[in-house]
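Marked as transmembrane segment by TrEMBL: A:20-45, A:57-77, A:112-133, A:153-181, A:193-216, A:228-246, A:324-342. What TrEMBL records for A:154-348 is domain 'ABC transmembrane type-1'.
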Amino acid sequence: MTSGAETEAVAAEPTPPQRVLPTAVVALLVAVLCALAAALALWSLHRMLEPPAAVDALLVALAVVALLPLVPAVRAFGDDRRRARHLAAGRLAPARHQAASGREHAHTAMGYALAVLICAGLVWFTTANDGAITTTFLRWEFLRSSFANVLDAFWINVEVAVGAQLLVLVVGLVVAVMRLLPGRAGRPLRWLAIAYVDTFRAIPSIITLYLVGFGLKLAQVPVFKDLSPVWLAIIALTLTYSSYVAEVYRAGIESIHPSQWAAARSLGLSYGMTLRTVIVPQAVRRIVPPLLNDFIGLQKDTALIGVMGVTDAFAQSRLTASNVFNLTPVIVVAVLFVLITIPQARYVDRLLAKEQTRTGRS
Amino acid sequence: MTFLEIHDVHKNYGEHEVLRGVSLEVAKHEVVCLIGASGSGKSTLLRCINALEPIRSGEIRVAGDVVSGLGVDVNRLRRNVGMVFQSYNLFPHMSVLRNVTLAPVRVGGRSRAEAEEKALALLDRVGMKDKAGAYPDALSGGQQQRVAIVRALASDPQVLLLDEITAALDPELVGDVLAIVRELAQDGLTMLLATHEMGFAREVASQVCFLHEGRILERGTPAQIFEDPQEDRTRQFLGRVLASGRL
């Protein structure tokens, strides 16, 4: 009974709204300071580029964007005024509403202002030392002159990546299944699978590439000695990445609840058939994101195949870069890698979203 | 004629002895209910009959054939022995129809068309025909369990093992599932049920076995077990069930 009475007492007197003014003042200060920093950075960019009017207009537009966080900061003050009016009139609930809205505006102003500050910092960094950074990494004329060469060589990276990815999908699954074989009969194969994964996950891929690229030819290993360097690169990366992907598969397969095994086996499906029709299809759906992670790693490691004498995009760009004494061609390769990675990430996002709508999970 | 014969079966999980000499005969067309507290060995016994769990000693025969121990074609055995689980265990990546036709097509050697025709007829019988294209996640527990029963029946098993198939269901869905089991019993399907639904056991069972700590402590007709139990343990168990309003 006492507690009930207390609750009523509390309910009769709503808590007054919190103060907004201090937060609003801080937000306004932050917004102004960040806008100033942005203005300075843009000014230094303007001085460095001495650009045509069109680009100058763009810089002005950016400066205006940098001022935008001021808008919510000012609104926070308006909210604070209305809060005070409501409070004076004894309307507690509307006063609280205004206070909340004011704080939200102040926080928004600070969030956007800090983002502006970070961008301004980046601009300042690229213009530092009178733009030496920019001229080292980004020179329009070198970008134009090296682009065709680097892009041509980049197809070798794509070829190696796709070839290795297809092989890895198969080899990784075989190794994972070997590692999960049951019983005494499966023991030696389990051990081999573990030994393989332990070894090739530990060896840096650049070393595997080097050994496979030169060793197999040097030792005159039949079949392998006649393979093109591109194929040897594919084999080396398959060796390295199958060990990662085998572990991904294994985790996926082990994450399927044992009751799925029991249900499938109780229907008379054999071990292999259960694996193939019930377990692996469910596991594959779960491992798509980590699998993509490893695939992106593999793609990036194709930049290492230069060590075995293949002229890939990175090797080509270094060649060009040392000719012109400028790193722009290397930036071109970096951008190409980014460009091929982003669509894959979005594609997986879409696959997952589709899967979720199909199974009705949210 | 005895169809299923369980003789002195022992089973342990590590140190823990789950079954300590269980013997049981089930004739064709009989419905046997296994009752008893959790951990008394009901589920384990069913899983042993289906060879999902190996037994330590003893012997299990289905239709006269020894099905326990080494060298048994378990996949063949399981085609004759269907099983339905407490948590349905449908395959979530397959539609209802694919769930039901998987075993008949992959193991039974039927054509897809033939298997689907039969699956649809069975689904129709349990009122699930219009959900044939749905995925398990989109179904209620009761609907999933009805599909699971159909999936087990699609291989034409000679005996059906039901492992507390209503234990995970919301109370209002239990009736639908039990109605199907009742119908199967009337059709003369041999069944072994582990169950907590005492009212249902009393109604459909031809034999009731009370399991306690891995042994069949008492066994008899429903009338004997429920109205005139001889063992103290049975009386205590039924008393507790009665007190919880399940009888």
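The backbone N, Cα and C atoms fix where each Cβ goes, and this holds for glycine too.
Contact between the transmembrane segment (A:112-133) and the transmembrane segment (A:20-45) is present: at least three CB pairs lie under 8 Å, with pairs separated by 6 or more positions in sequence. Below 8 A, the CB atoms of the transmembrane segment (A:153-181) and the transmembrane segment (A:228-246) form 3+ pairs separated by six or more positions in the chain. The list of residues near the transmembrane segment (A:57-77) in space but at least 6 beyond its ends in sequence, with Cβ under 8 angstroms from a Cβ of it, reads 20, 23-24, 27-28, 30-32, 34-35, 38-39, 42, 45-46, 51, 102-103, 105-106, 108-110, 112-113, 116, 120. Long-range contacts of the transmembrane segment (A:228-246) within the same chain: residues 156, 159-161, 163-164, 167-169, 171-173, 175-176, 179, 193, 196-197, 199-201, 203, 205, 208-209, 211-213, 216-217, 291, 294, 297-298, 301-302, 305, 308-310, each at least 6 residues beyond the stretch ends and with a Cβ under 8 Å from a Cβ of the stretch.
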